[in-house]
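Positions annotated as signal peptide by TrEMBL: 1-18. If you look up TrEMBL, you'll see 77-312 marked as domain 'Sulfotransferase'. Under the heading active site, for sulfotransferase activity, TrEMBL lists Lys86. Annotation source TrEMBL lists 3'-phosphoadenylyl sulfate binding site at Lys86, Gly87, Gly88, Thr89, Arg90, Arg167, Ser175, Lys292, Gly293, Arg294, Thr295, His296. Positions annotated as disulfide bond by TrEMBL: Cys275-Cys287.
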Amino acid sequence: MLLIFSYCFYCLSGLCNSAPRTLYRTDNFMDYDFTDELSPRVFPDAHNSSDAQQVDVGRSPSSSLPVSNTFGAKRFPQAIIIGVKKGGTRALLEFLRIHPDVRAVGAEPHFFDRFYDKGLDWYRNLMPRTLDGQITMEKTPSYFVTKEAAARICSMNCQTKLIVVVRDPVTRAISDYTQTLTKSPGLPSFQSLAYKNSSGEEIDDTWSAVRIGLYAKHMDNWLRHFPRNLFLFVSGERLVSDPAGEMGRVQDFLGLKRVVSDKHFYFNETKGFPCLKKPEGSSRPRCLGKSKGRTHPEIPTEVLQRLRQFYRPYNKLFYQMSGQNFGWD
């Protein structure tokens, strides 16, 4: 009897141990912290390139192992933030990622300017999976000043919605220079780069920091491929002073319910930028990186005045194109 009892015990014990178990606890599986989306991963097929970008990958809330998302489908973006550099595109993307119906690539794909030869299938594979009713987005500010980008995006879908974040071109140029200066401390002074020669009379519009701010010139190229109603122009200044107001306009343009509102923001006095309040389930609020809010170098008053004079006719033309007066003059 003892032998029979022992045999039955071990058989039952083995059966229990072989039963399937859940990988994660189901009571907290749906907890969501939007900062988890910022976990980096290198793009496929770009490991050997110095321009390899990073994308975000979802992670289990109770494990450090990546979790494959097999729901939904990878689609071409229905909306793209096409510019401009140092205008506030990163802030806009991070604010949009709060919305449950927006799925976006965290890094800049640079497909329509650098990697176009990799093909549309490669590009689509970079996109996050989306469910019906969700919007796929990406942002690459250099598209706005890349002549070929407009035609290339149109060849993908001429109904793509395009968002342009603009900022006072003089302030934008200084911010652009400041960013470059942190990477190249030996850079010549701003004024020596802004002028064509030492006479200090003619602005050098071939210098990228100046050229990007010629918004009307770049828009002329885009309007040859896309109708005006597919563009939304976001004020970089208002994105700082009234982020909820600008986000309301963006959500309307994208056909989204107004989910992102005042309750999501607080102003960080130290950085001089709005930050996202601590999301539910997260240990800290979300601010932009340390590179945002750099102190700009002192620029001589006469240089600023000359730049403002240079940009004035372009600004007025851009106000007409966009249907908005941004008040930069």
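In case you wondered, yes, glycine gets a Cβ from its N, Cα and C as well.
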*Lys86, Cys275, Cys287 screened against Ser175 (3'-phosphoadenylyl sulfate binding site), Cα within 10 Å - retained recorded positions*: Lys86
_Cβ neighbours within the same chain of Lys86 (active site, for sulfotransferase activity) - under 8 Å, at least six residues apart_ = Pro141, Arg167, Arg172, Ser175, Asp176, Gln179, Ile212
*Given the recorded positions Gly88, Cys275, which one has the fewest other C-beta atoms within 10 angstroms of its C-beta?*
Cys275
*Starting from each candidate's C-beta and looking 10 angstroms out, tell me which of the binding-site residues Ser175, Thr295 has the most other C-beta atoms.*
Ser175
*Which number gives the other C-beta atoms within 10 angstroms of the C-beta of Cys287 (disulfide bond), all protein chains shown included?*
18
*Please report how many Å separate the Cα atom of Thr295 (3'-phosphoadenylyl sulfate binding site) from that of Cys275 (disulfide bond), as a whole number.*
18
_What does the structure give for the C-alpha distance between Arg90 (3'-phosphoadenylyl sulfate binding site) and Cys275 (disulfide bond)? Integer Å is fine._
12
*Taking the domain 'Sulfotransferase' (77-312) alone, what is its mean pLDDT?*
92
